[in-house]
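This is the structure I have questions about; it appears just below.
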Amino acid sequence: MDLTDFYLLAALVACFWMDPSIAQELIYPIREELQENVLIGNIPKDLNVSHTNAATGASANLVYRLVSKAGDNPLLRVQSSTGEIFTTSNRIDRERLCPGPSFEENECSFEIEVVILPNDYFRLIKIKIVVKDTNDNAPMFPSPVINISIPENTLINSRFAIPSATDPDTGPNSVHKYQLVNGQSAFGLDIVETPEGEKWPQLIVQQNLDREQKDTYVMKIKVEDGGMPQKSSTAILQVTVTDVNDNKPVFRENQIEVHIPENSPIGTSVVQLQATDADVGANAEIKYMFGTQVSPATKRLFALNGTTGLITVQRPLDREETAIHKLSVLASDGSSSPARATVTINVTDVNDNPPNIDLRYIISPINGTVFLSEKDPINTKIALITVSDKDTDVNGKVICFIEKDVPFHLKAVYDNQYLLETSALLDFEGTKEYNFKIIASDSGKPSLNQTALVRVRLEDENDNSPIFSHPVIELAVVENNKRDLFLTTLSATDEDSGKNAEIVYQLGPNASDNENFILDPYSGVIKSNVSFDREQQSSYTFDVRAVDSGRPPCSSAAKVTINVIDVNDNTPIVIYPPSNTSFKLVPLSSIPGSVVAEVFAVDGDTGMNAELKYTIVSGNTKGLFRIDPVTGNITLEEKPAISDIGLHRLVVNISDLGYPKSLHTLVLVFLYVNDTVGNATFIYDLIRRTMETPLDRNIGESGETYQSGDYLTIMIAIVAGAMVVIVVIFVTVLVRCRHTSRFKAAQRKKQGAEWMSPNQENKQNKKKKRKKRKSPKSSLLNFVTIEENKPDDPAHEPINGNISLPAELEEPGHFDWNAAPTTTFKPSSPDLARHYKSASPQSAFHLKADTPVSVKKHHMIQELPLDNTFVGGCDTLSKRSSTSSDHFSASECSSQGGFKTKGSVHPSRQVKDNFYWSISTAYNCPVQQC
């Protein structure tokens with residue numbers, strides 16, 4: 001029968017009507033292995049489906065939809081618009097659909113369900129597809145080599161069974177005939193057909209056999225099916241001639257049928273087979289074995305004891321997998337003709353299988369979730385549910401229900417099929433998602449059940465407008481900003497979901513995006529597109545709309561106000577002091593709290609930006625001064641001491657309180673602590689020199705004024721000079737002692753000679769020399785005497801000095817003092833040279849005008865300081881009375897070898913522009929005074 005015949009047969013479909021408005025059935029017979037897109041049938045034509053609603057008379061476009069399970073590979077497809085059924089690329093293989101033994105009368109089929117939509121025209125069509133066999137499999141022997149043993153005394157026409165070939169196809173496509181190839185005239189072939197339709201080949205002995213002449217025959221046996229085209233296969237048939245055993249075993253029963261429950265434990269006895277043999281001895285020993293027709297699966301389930309013939313269970317049984325097992329058992333005594341018995345094992349059912357739920361969706365799920373709109377009507381079809389149970393009778397009777405109260409129900413359409421429908425209107429705002437279980441329960445004892453999870457998610461309708469978290473926003477922005485400055489972020493939410501909740505932001509009609517502002521439509525970020533100028537516009541007010549993506553869209557508005565605030569863009573301007581080089585005199589008599597200077601500045605800004613704060617940031621390490629942070633007045637914290645005399649540099653920071661950043665200006669305030677100004681020109685020169693000192697460092701440390709650096713240099717030089725003088729004195733004393741010893745030796749020698757011949761003249765010379773030796777002793781106490789050039793000296797030569805030593809010390813202890821750098825003094829500087837003259841009658845250093853003193857460790861050069869501080873030796877200088885015009889008071893000896901004057905220098909005194917002075921330390925000065 002060709003494809004046309006089957007299509008004509010499809011017109012003879014059997015329609016079983018349970019409810020014409022809900023369920024109908026169709027049957028289509030087809031052949032297996034059809035090509036893709038072969039037409040199977042036409043549902044509306046075969047069922048005479050009308051496209052007109054009987055109630056309203058309106059016509060509709062019907063939709064035909066195949067109900068399938070998620071992940072299935074359907075064998076057929078349905079054209080949704082026409083209802084035509086076609087084959088797909090998935091091959092329909094009868095042997096795969098219906099595995100196991102095949103007989104002509106066995107029918108192989110599968111079912112599909114098709115629904116007709118929309119809901120007003122809904123129908124459920126159950127279609128049964130009967131698959132007819134085609135010859136797509138060749139018959140095959142169980143083994144490519146078949147071994148048969150035949151005794152040598154076998155009579156002619158004796159028959160020996162040959163293992164049968166099997167073919168998965170049925171009817172004429174199964175095993176049709178066998179053929180013996182190269183029978184060598186000793187053997188022939190005959191076919192015996194069993195009541196079940198099986199064809200068993202038998203080998204016929206056609207001549208007498210003699211094992212001694214030939215013990216092995218090798219032939220081929222061919223098997224063919226009856227299909228078109230015909231398929232065949234061959235196997236090697238090897239016959240071995242054996243010795244004689246002329247009695248074969250006999251079963252007591254050739255057909256045995258037993259029943260055993262499927263939950264029988266391993267080792268359970270199924271049946272005891274028994275065969276007898278009339279022979280004795282070894283020829284009567286019977287061995288039991290499964291026939292070649294027993295499938296490997298059956299052999300795995302049952303064990304046959306080859307000696308006793310007992311069949312037992314060796315693996316768990318499953319009636320749902322195979323309910324009946326047919327076993328062919330052979331009893332052999334070693335002869336060529338074993339006895340054969342057939343054992344039929346019926347596996348009886350127990351309730352060991354829970355029901356199965358086959359959930360196939362009418363509305364296709366996405367990732368396991370069915371999406372419904374909240375506007376879908378009642379009785380919307382969601383899925384077709386088929387329940388089944390592999391058990392039988394009561395154990396296989398199944399009921400199906402929904403676990404909890406949800407707006408869905410199950411509507412029965414067949415005994416084992418249900419439609420899952422909506423039972424009430426859906427509300428997205430009330431419940432967005434439903435998760436419920438469908439339970440299938442059988443009627444066994446105890447009852448077994450199975451569940452299937454259904455997840456339904458509602459799709460929202462656009463019935464909510466976006467809502468701003470802050471519908472009114474006001475913020476401040478500093479002017480002179482950079483473009484693309486972040487201003488604020490607007491945020492709106494929508495109670496809807498999906499596209500209905502996707503929001504874009506738009507500037508309202510009263511806003512200028514492209515001129516002044518940039519609005520990101522997705523993030524709601526507002527940025528500036530210009531640099532704001534408060535003088536041009538002080539504020540901006542506009543609307544921003546939030547619009548969702550629904551159909552039709554919904555929107556809402558927010559009001560945004562941006563105020564432009566002023567920027568602190570002017571630094572303070574110092575009005576007083578007029579410059580960084582001016583100074584103020586602070587008398588020693590000033591009392592704490594008195595105003596000694598003031599700082600005043602103005603700011604071009606207004607408000608907080610113009611409020612100023614004054615702070616001393618450097619130069620006030622002693623805490624002598626304090627500045628008022630508001631007025632800028634500088635006052636004394638404590639009364640000045642002698643150690644505070646000198647120039648003080650205060651670094652004052654003037655800062656405003658502006659926004660967003662404070663601006664500041666630094667000003668230098670110089671305060672000169674002394675009773676009088678004295679030489680103002682020299683003070684200005686000191687101020688000029690302080691400009692080289694970093695502002696974060698004080699111009700004087702440890703109570704010293706700015707010239708403390710020079711003072712330290714003087715002290716180091718004085719100490720070094722004192723050490724040199726001590727060494728010179730030590731050398732002088734040493735030389736003097738040696739000279740005296742030589743002199744005494746010469747005198748003794750001379751006295752010895754005079755004792756021999758006295759000479760009065762020598763005595764007189766000896767007295768003169770003794771007088772001479774007394775002069776160096778007094779010279780060791782000499783102190784420095786500085787002589788000044790007269791003011792009216794026209795040459796204005798610098799005052800230089802050298803050291804006059806006794807004659808005894810000139811040769812071994814001579815020192816060359818080179819010139820030192822000069823220091824320039826202003827004409828108004830006091831003449832302190834006269835105060836360096838010693839009132840002592842001792843010998844002094846003489847200052848010469850022709851050779852400058854060189855810089856050595858034993859020599860110190862000092863520029864005259866402006867504040868009457870100078871360095872001297874450990875010897876006490878001459879004191880003048882308080883009534884003297886030079887105002888010089890006594891000094892103290894310090895551990896550094898220097899001292900400070902306690903009196904003031906008369907301002908009218910004048911010295912030369914270049915003045916060098918040096919001192920030496922007396923030999924008899926105590927250490928604690930030096």
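Note that Cβ sites are derived from N, Cα and C of the backbone, with glycine treated the same way.
In TrEMBL, annotation is done automatically, which means it is predicted and not curated.
According to TrEMBL, the protein has these features:
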| type | residues | note |
| --- | --- | --- |
| COMPBIAS | 765-776 | compositional bias 'Basic residues' |
| COMPBIAS | 881-898 | compositional bias 'Polar residues' |
| DOMAIN | 26-141 | domain 'Cadherin' |
| DOMAIN | 142-251 | domain 'Cadherin' |
| DOMAIN | 252-357 | domain 'Cadherin' |
| DOMAIN | 364-468 | domain 'Cadherin' |
| DOMAIN | 469-574 | domain 'Cadherin' |
| DOMAIN | 586-683 | domain 'Cadherin' |
| REGION | 748-783 | region 'Disordered' |
| REGION | 816-839 | region 'Disordered' |
| REGION | 881-905 | region 'Disordered' |
| SIGNAL | 1-23 | signal peptide |
| TRANSMEM | 711-735 | transmembrane segment |
What counts of helix, strand and coil residues does DSSP assign across the domain 'Cadherin' (364-468)?
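Secondary-structure breakdown of the domain 'Cadherin' (364-468): 4 helix, 55 strand, 46 coil.
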Find the average pLDDT over the domain 'Cadherin' (364-468) in the predicted model and report it.
92
Under the DSSP assignment, what numbers of helix, strand and coil residues are found in the domain 'Cadherin' (469-574)?
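For that range the per-state counts are 4 helix, 48 strand, 54 coil.
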Could you tell me how many residues in the domain 'Cadherin' (142-251) are helical, how many are strand and how many are coil under DSSP?
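DSSP composition of the domain 'Cadherin' (142-251): 3 helix, 55 strand, 52 coil.
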Can you count helix, strand and coil residues in the domain 'Cadherin' (26-141) using DSSP?
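Tallying H, G and I as helix, E and B as strand, the rest coil: 12 helix, 46 strand, 58 coil.
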